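Peer 1: Please see the structure below; I have some questions.
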Amino acid sequence: MDGVNTSGVSEFLLLGLSESPEQQRVLFWMFLSMYLVTVVGNVLIILAISFDARLHTPMYFFLANLSFTDLFFVTNTIPKMLVTLQSQNKAISYAGCLTQLYFLVSLVALDNLILVTMAYDRYVAICRPLHYTTAMSPGLCILLLTLCWALSVLYGLTHTLLMTRVTFCGSRKIHYIFCEMYVLLRLACSNTQVNHTVLIATGCFIFLAPLGFMIMSYVWIVRAILQIPSASSKYKAFSTCASHLAVVSLFYGTLCMVYLQPLHTYSMKDSVATVMYAVVTPMMNPFIYSLRNKDMHGALGRLLLGKAFQRLT
């Protein structure tokens with residue numbers, strides 16, 4: 001992140017979603033509350049899965065890593081956002097902005113790729129149940145996760161290094177709460193066609209191709225479930241996929257609102273959509289995955305209440 005600064009600026013000013021002191025106070029307490037809920041929720045998911053041997057399965061292995069990614073994701077953006085909202089110093093250094101951008105881009109990609117591996121896990125569990133143990137072996141799970149991290153790091157480095165080539169010679173004011181890709185490109189006074197072209201090309205590979213894979217996986221999953229004769233077995237099979245489908249819908253819904261559009265049309269309503277995937281989605285994931293999941297209920301109960309929970313059950 002400490003490459004040569006050819007941009008002509010040493011820092012940016014993060015003005016946030018509003019310059020009104022009253023609205024900034026409201027935003028500060030709102031984002032602080034959401035951050036604390038996100039941290040507590042995702043930490044509980046990680047601890048429950050780590051300490052409960054019954055959850056040491058591929059599905060929960062990927063869920064724990066998704067929670068870790070969400071935890072890292074919000075910690076990259078919200079603490080600086082809270083400082084900016086609370087203080088008069090709105091400045092963020094050029095290197096700090098690029099560092100924040102790198103982790104933001106990388107972790108969004110990682111979130112997406114982990115969701116793909118979870119879709120593959122559900123496909124194998126429902127459509128190839130007799131081969132599940134061998135098809136989702138611990139070695140393969142670690143390999144898939146390593147591949148997710150490698151692709152995400154490469155994706156983040158690509159866009160961050162391309163951003164170092166961009167020249168900023170006009171306004172340094174970012175009317176937003178963190179250093180986001182489209183916001184920075186809107187401030188550029190040099191040609192950003194390469195950035196935009198690479199953004200679309202890599203986005204198709206990192207986001208649209210996995211989305212297509214997930215859609216095809218669920219087509220096969222639905223076909224397999226419909227062939228199950230027992231209504232209770234159908235319900236159980238559907239319920240194991242419902243949480244994942246809800247998270248995928250929330251993630252892609254907010255992401256598409258922001259990035260499936262030309263750069264020049266980016267506006268304040270899109271920055272609100274970015275807050276949705278940057279703050280709301282990581283906060284909601286623990287609730288979605290534990291709301292109707294009896295295994296998670298049991299693991300969280302044993303983690304928080306210990307022997308008292310066992311006596312209650």
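Yeah, the Cβs are placed from backbone N, Cα and C, and that goes for glycine too.
Under the heading transmembrane segment, TrEMBL lists 26-51, 57-79, 91-115, 135-162, 200-226, 238-260, 272-291. What TrEMBL records for 41-289 is domain 'G-protein coupled receptors family 1 profile'.
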Peer 1: Honestly, do the transmembrane segment (272-291) and the transmembrane segment (200-226) touch, with at least three Cβ pairs under 8 Å and pairs 6 or more apart in sequence?
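Peer 2: Result for the transmembrane segment (272-291) with the transmembrane segment (200-226) is no.
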Peer 1: Count the Cβ pairs between the transmembrane segment (200-226) and the transmembrane segment (91-115) that lie under 8 angstroms and are 6 or more residues apart in sequence, then report whether there are at least 3.
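Peer 2: Contact between the transmembrane segment (91-115) and the transmembrane segment (200-226): present, because at least 3 Cβ pairs are under 8 Å.
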Peer 1: Would you mind listing the long-range same-chain contacts of the transmembrane segment (91-115), meaning Cβ under 8 Å and 6+ residues beyond its ends?
Peer 2: 1-3, 5, 7, 9-14, 62, 65-66, 69-70, 72-73, 76-77, 80, 84, 145, 147-149, 151-153, 155-157, 159-160, 163-164, 178-181, 184, 206-207, 210, 214, 244, 247-248, 251, 255, 277-278
Peer 1: Within the domain 'G-protein coupled receptors family 1 profile' (41-289) only, compute the mean pLDDT.
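Peer 2: Per the prediction, mean pLDDT sits at 86 for the domain 'G-protein coupled receptors family 1 profile' (41-289).
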